[in-house]
């Protein structure tokens with residue numbers, strides 16, 4: 001770069017710099033420190049005027065020569081790199097180092113894996129705030145359907161499995177609720193996932209008893225991976241059902257049914273505190 005005096009008064013301590021193409025460079029002074037361009041505020045420009053240091057770097061000048069040229073000249077404080085926190089890097093587990101002093105933005109595994117609290121939704125049927133569950137599904141009913149989910153090797157969507165159930169043909173056309181609802185949401189205190197039952201089409205747009213049982217069975221047949229198993233384990237630890245020791249470990253080909261830990265017999269549904277569209281599954 002070429003340097004020449006500007007129209008600015010000398011008392012201001014300012015200079016105007018021009019690059020090789022004659023384009024004016026405005027703003028604070030620029031120097032070089034350890035091969036890096038450093039912008040100096042106007043308050044520190046007097047040092048350069050006193051020392052008579054050149055404002056341009058001759059072509060081909062090496063780093064060592066530049067350093068010797070500015071030896072002894074105070075430079076603005078440039079903070080050293082902030083050290084990385086080894087402990088926080090290992091704690092985050094994300095593979096990205098975190099700067100020391102920064103807040104830990106990685107949530108604790110248990111904080112984001114807990115099942116979120118459901119938000120009550122408006123009733124599916126306008127004006128309907130309560131429904132009656134069919135006795136075949138209701139908890140403590142004497143007409144509760146007798147079924148062990150472990151005895152069904154396949155989801156109930158399978159035609160051969162359905163034909164083997166003595167109650168299926170009767171309940172496949174019986175509405176699950178009164179008045180009939182288009183769907184039901186089912187939760188279990190033993191599982192971190194909700195189950196949604198929809199009409200199968202056997203009775204147009206009406207959810208039947210068989211649809212509800214089939215939705216539960218199909219959901220329990222779903223396989224789980226290691227991450228889903230961890231979701232279940234954290235949920236159990238946060239409640240009162242955790243026995244204080246890890247009695248179940250994740251294995252290949254594990255399903256949600258295995259997470260019931262032997263309690264696979266249908267014990268009915270009861271209405272949750274979220275309204276008439278959300279029901280809680282009991283197993284024994």
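A Cβ is built for glycine as well, from the same backbone N, Cα and C atoms used for every other residue.
Under the heading region 'Disordered', TrEMBL lists 79-116. The domain 'DUF6699' annotation in TrEMBL covers 167-272.
Mapped onto DSSP helix, strand and coil, the domain 'DUF6699' (167-272) counts 34 helix, 20 strand, 52 coil. Across the residues of the domain 'DUF6699' (167-272), the predicted structure has a mean pLDDT of 86.
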